[in-house]
Amino acid sequence: MSSKVHLGHTARKRFGQNFLTDDNVINRIVGAIVPDNDHVMVEIGPGLGALTEPVATAIDNLTVVELDRDLVERLQNHPVLKDKLTIHQGDALQFDFSQLVVPGKKLKVFGNLPYNISTPLMFHLFEFAEQIETMHFMLQKEVVLRLSASPGNKAYGRLTVMAQYFCQVVPVLEVPPHSFAPPPKVDSAVVRLLPYAEKPFPCKDVNVLRQLCTTAFNMRRKTLRNNLKQVLSDEEFEQLGIDPNLRPEQISVEQYVAMANMVCDKQA
């Protein structure tokens, strides 16, 4: 049987499907998630149910968002899970997660995310950060390194700044390719994202911060002065105590927020 066929389902490349099969890894992830009935538990991309089964067993109801119609049908007919699942068939990138919030209950979101959509999905989920208690995701190891990077690290970029603006980022464990069927060509890792109840560096307009980061990191090898000359002058950099000769990856989250807030003040 092809390595792309697991439990009778052929992994679809266009959906970025790699199914988790390592029981030890599964148990460690479920232990990190801490399933409970005090939150709305939400799984993105349940696939063949490697995480779905142990999580659903521990709680009364699990909400899942799955794009693949064949996998949705399997879950709808699952002898054990079907009565515990609330299934949304559709694209998580377009999904309004705020509709899942119940009064007095925040979301706990988790999933073995398709690697081809993981970065845009992170940005989408940050929009709902205030409604989310925790997020646990299996990602390409390189993405986890980007999420958790410090200034000066080559992995530090736009995703880093936005993730660390909204969340505390905690790498949980690394997962080798042989833990999946079919094995991906890259190493994987699990990350915990804890949205801040109160952000350490509040921004006056997060859209300005997002645009500023996009502009700053568009040409990583150039200086801030070069990349941000349309929005900040040398005098304004001096006011902020930021050296405009530095490169974008050398600037902290706090400094990016300070720059964005200055841009907001100028636009007011």
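Cβ coordinates are placed from backbone N, Cα and C, and glycine is handled just like the others.
The annotation in Swiss-Prot ties ASN18, LEU20, GLY45, ASP91, ASN112 to S-adenosyl-L-methionine, and of the candidates under consideration, GLU66, GLU142, GLU174, the one tied to the same site is GLU66.
Non-local contacts of ASP91 (S-adenosyl-L-methionine binding site) by the CB criterion (under 8 A, 6+ apart in sequence, same chain) comprise LEU67.
A strand conformation is recorded for ASN112 (S-adenosyl-L-methionine binding site) in the three-state DSSP classification.
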